[in-house]
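> Mind looking over this structure? Questions follow.
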Amino acid sequence: LCNERPSQTWSGNCGNTAHCDKQCQDWEKASHGACHKRENHWKCFCYFNC
């Protein structure tokens, strides 16, 4: 995995990494997704293969 992008389909704070992971895979065709805190906000980030 070498490409991290904020989710294009997630709205609001990310508090459930498992849901973020599933949504990234199902809706954005990513390999993985996870919640991370950036700039004092929890966001869903999707990870894609190179």
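Glycine residues also receive a Cβ, built from the backbone N, Cα and C atoms like all the rest.
As listed in Swiss-Prot for this protein:
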DISULFID  Cys2-Cys50  disulfide bond
DISULFID  Cys14-Cys35  disulfide bond
DISULFID  Cys20-Cys44  disulfide bond
DISULFID  Cys24-Cys46  disulfide bond
> Whole-number Å distance between the CA of Cys24 (disulfide bond) and the CA of Cys35 (disulfide bond)?
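Rounded to a whole number, the Cα-Cα distance is 11 Å.
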> Rank aside, I only need the closest one: which of the disulfide-bonded residues Cys2, Cys44, Cys50 has its C-alpha nearest to that of Cys14 (disulfide bond)?
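For Cys14 (disulfide bond), the spatially nearest of the disulfide-bonded residues is Cys44.
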